[in-house]
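Annotated in Swiss-Prot:
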BINDING   S113, I114, L115, P116  (6S)-5,6,7,8-tetrahydrofolate binding site
Amino acid sequence: MSKPLRIVFAGTPDFAAQHLAALLSSEHEVIAVYTQPDRPAGRGKKLTASPVKTIALEHNIPVYQPENFKSDEAKQALADLNADIMVVVAYGLLLPQAVLDTPKLGCINVHGSILPRWRGAAPIQRSIWAGDAETGVTIMQMDIGLDTGDMLKIATLPIDASDTSATMYDKLAKLGPVALVECLADIAAGTAIAIKQDDERANYAKKLSKEEARINWQDDAEHIERCVRAFNPWPMSHFEVAENSIKVWQSRVEASSHDAPAGTILKADKSGIYIATGHGCLVLEQIQIPGKKAMPVQDVLNARAAWFEVGSVLS
C-alpha cells in the first residue's frame with residue numbers, strides 16, 4: 001500500500017466542498033484548506049463562510065483565505081505546510097507559477113469537462129449549449145495556462161436531453177470526487193500517466209451573461225431549447241412581453257413547419273405557448289413572470305392570457 005499524501009485543498013463553492021468531503025473520507029491527510037475570503041451574502045449582507053471553509057472548520061483543519069498569492073508572506077505560508085500535493089477545485093484565484101511549484105508533486109485541478117473540449121469558466125454550460133452528447137471531469141496537472149495542463153484522469157457521463165446546467169452540476173459533483181480519489185491513488189503509487197492535450201481541439205468556454213441569455217427568435221428552435229437548459233439556473237433564458245421580462249425554465253422543440261415570422265405566437269393553451277423561430281417551433285412549458293415563482297404555462301395563461309395572444313409577435 002502506498003504512503004498517504006499530505007494534501008492542501010483549495011476550493012470555494014459546494015462543488016468543491018463535495019470533493020473535500022471525499023478526501024476527508026480517504027486514506028490521505030488534508031493538512032490545510034485554502035478558500036476565498038468570507039463574502040457578504042443574504043439580505044443582511046452578513047459575512048458568510050464558503051461551503052469549503054465550513055467543512056474545514058468542522059474537521060478542525062487550518063483555513064487560509066488570502067486575497068491573492070502576490071505577497072511573499074502568502075507564498076511562504078504555503079511552503080511552510082510542506083505539502084505533497086495541492087488539489088484545486090473551483091477555487092476562484094489564479095495561482096502563480098511559484099505556487100504551482102511549491103508542493104512536492106505540484107498542483108492538480110478537477111475541471112468540469114472533458115478536456116480539451118471546453119477550457120475556461122463555464123464548461124458545464126457550454127457543453128449543453130453546444131449540444132454535446134457527453135461531458136465529464138478531467139483531472140489535470142496544473143500549469144500556468146488556462147486549463148492547458150497534462151491530463152491525469154478523465155471520467156465521462158452522457159448529457160441527457162432533459163439535463164440543465166443545474167442537473168449536470170449535481171452529476172459532476174458526484175462523479176468528480178470519485179475520479180479524484182482514484183487519481184490520487186495512482187499518484188501516490190507512482191502509476192499516474194500524464195497525457196498532453198491536443199490544443200487544436202480546444203474551445204474556450206466563456207462566461208455567461210444576461211445579454212447572451214436574451215432569446216433571439218431568429219435562432220433555430222433546437223438551439224434556443226439548448227440555451228434554456230444551459231442557462232438554467234443562471235442567467236436564465238428570457239424574453240420581453242408587455243414590457244415584462246419572462247424567464248423560461250422549461251421548453252421543448254415541436255417538429256412542425258410554419259411560414260410565420262420568427263417570434264410569432266402560433267398557439268397558446270394548456271399544452272404550452274408555441275412560438276415560431278428561425279427554424280422550427282419552440283414550445284414554452286414552464287415560465288416565470290416578474291414577482292412570481294416559475295409555474296406551468298397553463299397557470300400563467302389563466303392570469304396573463306392577454307400577454308400571449310395568438311398572432312402577436314415577440315421582439
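Cβ atoms are placed via backbone N, Cα and C, with glycine included.
What you see is a predicted model, and the numbers here were worked out from it, not measured in a lab.
Taking each Cβ in turn and tallying the other Cβ atoms within 10 Å, the top scorer among the binding-site residues I114, L115 is L115. The Cβ centroid of S113, I114, L115, P116 marks the (6S)-5,6,7,8-tetrahydrofolate site; residues of that chain outside this set whose Cβ lies within 8 Å of it are H111, R117, W118, R119, P123, G136, T138, D147, M151, I154, Q197, A202, given in sequence order. Long-range Cβ contacts of P116 ((6S)-5,6,7,8-tetrahydrofolate binding site) within its own chain (separation 6+, distance under 8 Å): D147, T148, Q197, D198, D199, R201, A202, N203. Around S113 ((6S)-5,6,7,8-tetrahydrofolate binding site), the same-chain residues at least 6 positions away in sequence with a Cβ under 8 Å from its Cβ are R119, P123, I124, R126, S127, T135, G136, V137, T138, A205.
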